[in-house]
Amino acid sequence: VLMFLADTVDFIIIVFGFWAFGKHSAAADITSSLSEDQVPEAFLVMVLIQFGTMVVDRALYLKKTVMGKVIFQVILVFGIHFWMFFILPGVTERKFSQNTVAQLWYFVKCVYFGLSAYQIRCGYPTRVLGNFLTKSYNYVNLFLFQGFRLVPFLTELRAVMDWVWTDTTLSLSSWICVEDIYAHIFILKCWRESEKRYPQPRGQKKKKVVKYGMGGMIIVLLICIVWFPLLFMSLIKSVAGITNKPLDVSITITLGGYQPIFTMSAQQSQLKDLNQTGFNAFLGSYRGNTAALQFLEGYGKEDITLADLEGNSNSLWTISPPSREKMIQGLLDFSAEFTVVLSWSIQRNLTLGAKAEIASDKLTFVLPENTRRDIATMMSGQQLEKVTLETVYPYYIKAPSDSLAKPIKQLLTDCRWENITVSLVKNVSDEGVREWW
């Protein structure tokens, strides 16, 4: 038991102190590596070797092979000392005397070596089956045994290992059934022993202190487990009291997959807050719309931001002449669809609890023939002031903490989708021809 505890402590030291066994502490940070879905090879090797030695030690214990234990002990002693005093200082570029975590790991391993040597001297016991927690019957052993059984796959692994390295006529399924029966008998014996130590007269009802104390705590615990997620999601906003305002709102319009015709972003002074008067007027515009009012009930004026986007694109339209001709041909080819893609992105402060810094999404619409013809005419240089893209612009967008910013369908009913009027502006100067939308 003590040897197993020593190995477990060494295992924990490797997991949480892995940085002390690498050359660069920052690069060997196991927490950051696992968060990036990367497992360092050195860490994996050390963990597997440590776990493998625990399995081999258990197998030798079950087979009662003293000579095998001696050989295993010699290999471990020489191997660990060679690694600890020769290989590790060269890898970490630090002396053993300056590596506190390695010293702690080595100290626990020396305790294991001492216990292992004592085991070799005394020999293995004749009866090797059973759990050390089941040697006595009390509340401490009961709760520790229940905790042992709750560890994922540990009970199954121990049962299979016992079956593999123990001479028996039972099948694996029968062996596991016997283990389960043994566990239930131990639990019942613990409860019977507790009844002997704290006797309860027959036919007498339980005291209210016991019923409301233990039973009440269990009821509260179960209710919290069932309803805590919903309560947490409902109260987190009021408890935190912080609204993650957008830092940048960008929009892009693309025709047929070619170079975007319009890109614009709103920042700082272009992102405006809504005052109480404007918020009341906003709510009043949806009077009678039950779905919209129910949606807006959970929001206040501080949760709404108005993005003032300029009408002129912030970049020139520098499409190449071949792509321009191909785009015009695609617009006039009514046998195939030609789409307009409206995409947007909203940037937030990641330190205020957002799961993603940028929330984005896009909408795709098929252009009707008359709109395609007008755009092609405008691109060909003929006199046409503007073209209207009907019902393609979502006026209200919700940006939650994740990476998806969707239009608010509850607020985009009753013709709330807005039209977009586009026009191609051409400027001819000594520097050449410049175009923008």
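Placement of Cβ uses the backbone N, Cα and C atoms for every residue, glycine included.
Feature transmembrane segment, per TrEMBL, maps to range 136-152 of the set 34-50, 136-152, 153-169. TrEMBL assigns the feature transmembrane segment to residues 70-92, out of the candidate ranges 1-23, 70-92. Regional average pLDDT for the domain 'Piezo THU9 and anchor' (2-234) in the model is 83.
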